[in-house]
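This report refers to the structure that appears directly beneath it.
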Amino acid sequence: MGNTSSERAALERQAGHKTPRRDSSGGTKDGDRPKILMDSPEDADIFHTEEMKAPEKEEFLAWQHDLEVNEKAPAQARPTVFRWTGGGKEVYLSGSFNNWSKLPLTRSQNNFVAILDLPEGEHQYKFFVDGQWTHDPSEPIVTSQLGTVNNIIQVKKTDFEVFDALMVDSQKCSDVSELSSSPPGPYHQEPYISKPEERFKAPPILPPHLLQVILNKDTGISCDPALLPEPNHVMLNHLYALSIKDGVMVLSATHRYKKKYVTTLLYKPI
């Protein structure tokens with residue numbers, strides 16, 4: 001019972017442990033300080049001990065913060081259209097998204113246009129028109145503490161949900177291996193054989209209302225020979241051919257324009 005410290009030291013030597021030595025101030029020497037394992041879940045508990053110094057703790061926390069920032073997915077860039085309609089010869093765009101460097105705009109008829117991929121969030125911009133800085137009064141503006149007026153734009157994910165849905169649909173339809181231009185069903189190589197009744201079938205009978213061709217009718221004595229009787233509506237927009245006589249073929253067609261009917265005759269020598 002009286003030699004407890006010596007027994008404890010012997011047990012620690014058998015287990016392979018080494019008791020850290022402390023200096024006169026009560027701290028642990030540099031050679032005996034526990035090592036930091038960066039990927040170990042027990043690293044955070046090391047800083048709760050009194051042996052860890054403040055600069056080392058701040059260094060580890062800064063490293064851990066940078067690691068968390070790198071693990072976050074970057075914001076998706078969204079195509080954003082900038083348009084200047086105020087005229088001019090040379091128009092440039094400058095904003096917080098490109099560190100206020102001048103970007104030339106492309107002329108489109110009377111307008112100047114640029115399409116940029118911007119991350120989601122709030123962005124300020126301005127136009128440089130013919131050597132003078134200006135803003136678009138028709139777009140939202142913001143005024144700084146120094147009195148500078150800039151245009152402001154909000155790039156939101158919700159504004160592109162329709163385009164994202166269309167992109168997903170196009171990706172789903174991009175695989176054309178499952179598509180076929182032929183209708184479903186079995187196919188064979190047997191030739192088509194027409195039935196006897198189909199082979200000797202007579203042409204369809206001419207409808208009876210088309211037999212009354214107004215060109216074949218005789219006009220009465222009291223009628224103007226240059227005028228024809230009013231045709232039936234079923235006779236319109238049909239091409240009629242007269243039997244060839246004296247080497248001439250006659251074609252006719254009747255059309256209606258509002259309340260008038262016009263019959264055209266074409267004579268073609270054969």
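Glycine too: its Cβ is placed from the backbone N, Cα and C atoms.
Annotation comment: Swiss-Prot describes 1-43 as region 'Disordered'.
Sequence annotations record features per position, and here Swiss-Prot assigns N-myristoyl glycine to G2.
Taken from Swiss-Prot, the feature phosphothreonine applies to T4 (among others).
As annotated by Swiss-Prot, phosphoserine applies to S5 (among others), with the evidence given as similarity to another entry.
For S6 (among others), the entry in Swiss-Prot reads phosphoserine, with the evidence type similarity to another entry.
What Swiss-Prot lists as compositional bias 'Basic and acidic residues' is 9-36.
The phosphothreonine annotation in Swiss-Prot covers T19 (among others) and rests on similarity to another entry.
According to Swiss-Prot, the phosphoserine annotation covers S24 (among others).
Annotated phosphoserine per Swiss-Prot: S25 (among others), in sequence order.
As annotated by Swiss-Prot, phosphoserine applies to S40 (among others), with the evidence given as a large-scale study or a structure entry.
Look at Swiss-Prot and you will find 68-163 tagged as region 'Glycogen-binding domain'.
The phosphoserine annotation in Swiss-Prot covers S96 (among others). In three-state terms derived from DSSP, S96 (phosphoserine) belongs to a helical segment.
The DSSP secondary structure for S108 (phosphoserine) is strand. Listed in sequence order, the same-chain residues six or more apart from S108 (phosphoserine) with CB atoms under 8 A from its CB number zero; the list is none. Marked as phosphoserine by Swiss-Prot: S108 (among others).
Counting every protein chain shown, 12 other Cβ atoms lie within 10 Å of the Cβ of T148 (phosphothreonine). DSSP assigns T148 (phosphothreonine) to coil, not to a helix or a strand. Per Swiss-Prot, phosphothreonine is recorded for T148 (among others).
Annotation note: S182 (phosphoserine) sits in a coil segment as assigned by DSSP. What Swiss-Prot lists as phosphoserine is S182 (among others), and the listing cites experimental evidence.
Swiss-Prot lists K201 with the feature N6-succinyllysine. Under the DSSP three-state reduction, K201 (N6-succinyllysine) is assigned to coil, being neither helix nor strand. Counting every protein chain shown, the Cβ of K201 (N6-succinyllysine) has 10 other Cβ atoms within 10 Å.
Look at the Cβ of each of the modified residues S96, S182 and count the other Cβ atoms within 10 Å; the largest number goes with S96. Geometry remark: K201 (N6-succinyllysine) versus T148 (phosphothreonine), CA distance 89 Å. Mapped onto DSSP helix, strand and coil, the region 'Glycogen-binding domain' (68-163) counts 14 helix, 49 strand, 33 coil.
Taking the region 'Glycogen-binding domain' (68-163) as a whole, pLDDT averages 84 in the prediction.
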